[in-house]
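Colleague: Before we start, here is the structure in question, set down as structure tokens.
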Amino acid sequence: ALEPLSVGLALGVASALTGYLSHPRFYCSYVECCPRAGQRLNASALKAQLDNRLFGQHLAKDVVLKAVLGFSNNPSPKKPLMLSLHGWAGTGKNFLSQILAEQVHPAGLRSKFVHLFLATLHFPHHDQVKLYKEQLQNWIRGNVSACPSSVFIFDEMDKMHPGVIDAIKPFLDYYEEVDGVSYRKAIFIFLSNAGGDLINKAALDFWTSGKRREDIQLKDLEPLLSVGVFNNKNSGLWHSSIIDRNLIDYFVPFLPLEQRHVKMCVRAEMTARGYAVDEEIVQAVADEMTYFPKEQKIYSDKGCKTVQAKLDIHEDL
């Protein structure tokens, strides 16, 4: 027969071990968990990532850094954070959204709490808008119920069928709860090429007038973007109630990249591949890009989008 003391000791050890294994810190070291309420972003880490990985976008870095940190530090935000990123391809919109996702959820786009929607993949048919709206509402409701700080990224907003995105309007508004679920800790990000022409023209006007690129301020572009996107029939935000109700916190402009910024992208890619930076190759890759306007050749028409592919050609060197 077992001694009462031995039985009690065994039960005590088992109970302690069970408590340890079920402790959130232990559990979450092996399984991804939703961030705890009140958990704040690492401001210095986010700033370092933006400074070291996003080139030529002083406006986007400044606006997003302040917006995200202010939102994270607010114990009781009145609504979710809603950012709409605009600019031509290759200027860094996807890159910034990935950096932000990684700061909120370390697994980034692989996280079960970060959700990426592609307009041409997830909402391809214009005759199924009603179905897409129902599916989108159910998907967001379920995921925010599981993790209040979920991140939702909508790419290719310029290819989204008008009306689809209005389905999420109730979740972006100033409601404490919608059907028993609070969305006020979630982050929504739109990525769009719409408005890129307006941004490029403004940047070129600054250059033509002899002003520094870094002197462009948000107030110079945000009003143009909000009106331009709202009235753009080739935008998923055409006459959207989300804009009409002023639910987008910031329209974030991404400026066209100059050759010096393309070179930064090449150097960063070489370093990421473990190569020593060779300035001859950096210049060669930058020279293979195409630039506009045709006469001045100031801005890369693809940003840094094809840098990786072009660098592949030079790998043997």
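Yeah, the Cβs are placed from backbone N, Cα and C, and that goes for glycine too.
Okay, these came from TrEMBL:
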type: BINDING; residues: G87, W88, A89, G90, T91, G92, K93, N94; note: ATP binding site
type: DOMAIN; residues: 257-312; note: domain 'Torsin-1A C-terminal'
Colleague: For A89 (ATP binding site), write down the residues of its own chain that are at least 6 apart in sequence and whose Cβ falls under 8 Å from its Cβ; none is a fine answer.
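Modeller: Result: N193, K302, G303, K305.
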Colleague: Which ones in the same chain are close to G90 (ATP binding site), with CB under 8 Å and 6+ residues apart in sequence?
Modeller: L257, S300, K302, G303, C304, K305, T306
Colleague: Within 8 Å of the Cβ centre of G87, W88, A89, G90, T91, G92, K93, N94, which other residues of the chain have their Cβ, at the recorded ATP site?
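Modeller: Everything else in range on the chain: F95, N193, F254, G303, K305.
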Colleague: Around K93 (ATP binding site), which residues of its chain at least 6 apart sit with Cβ under 8 Å of its Cβ?
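Modeller: For K93 (ATP binding site), the qualifying residues are L85, H86, G87, L191, S192, F254.
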Colleague: Relative to the Cβ of N94 (ATP binding site), which residues of the same chain, six or more apart in sequence, are found under 8 Å away?
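Modeller: Counting only residues 6 or more apart in sequence, the Cβ neighbours of N94 (ATP binding site) under 8 Å are D155, L191.
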Colleague: Work out, from DSSP, the number of helix, strand and coil residues along the domain 'Torsin-1A C-terminal' (257-312).
Modeller: 30 helix, 5 strand, 21 coil
Colleague: Determine the Cβ neighbour count for W88 (ATP binding site): the number of other Cβ atoms within 10 Å of its Cβ.
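Modeller: So the number of other Cβ atoms within 10 Å of W88 (ATP binding site) is 23.
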Colleague: Within 10 Å of each Cβ, count the other Cβ atoms, then let me know which of the binding-site residues G87, T91 comes out lowest.
Modeller: G87
Colleague: If you skip the near sequence neighbours and keep only those at least six away, which residues in the chain come within under 8 angstroms of G92 (ATP binding site), Cβ to Cβ?
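Modeller: Looking at Cβ-Cβ distances below 8 Å from G92 (ATP binding site), excluding near sequence neighbours, one finds L54, F55, G56, Q57, A60, F254, G303, C304.
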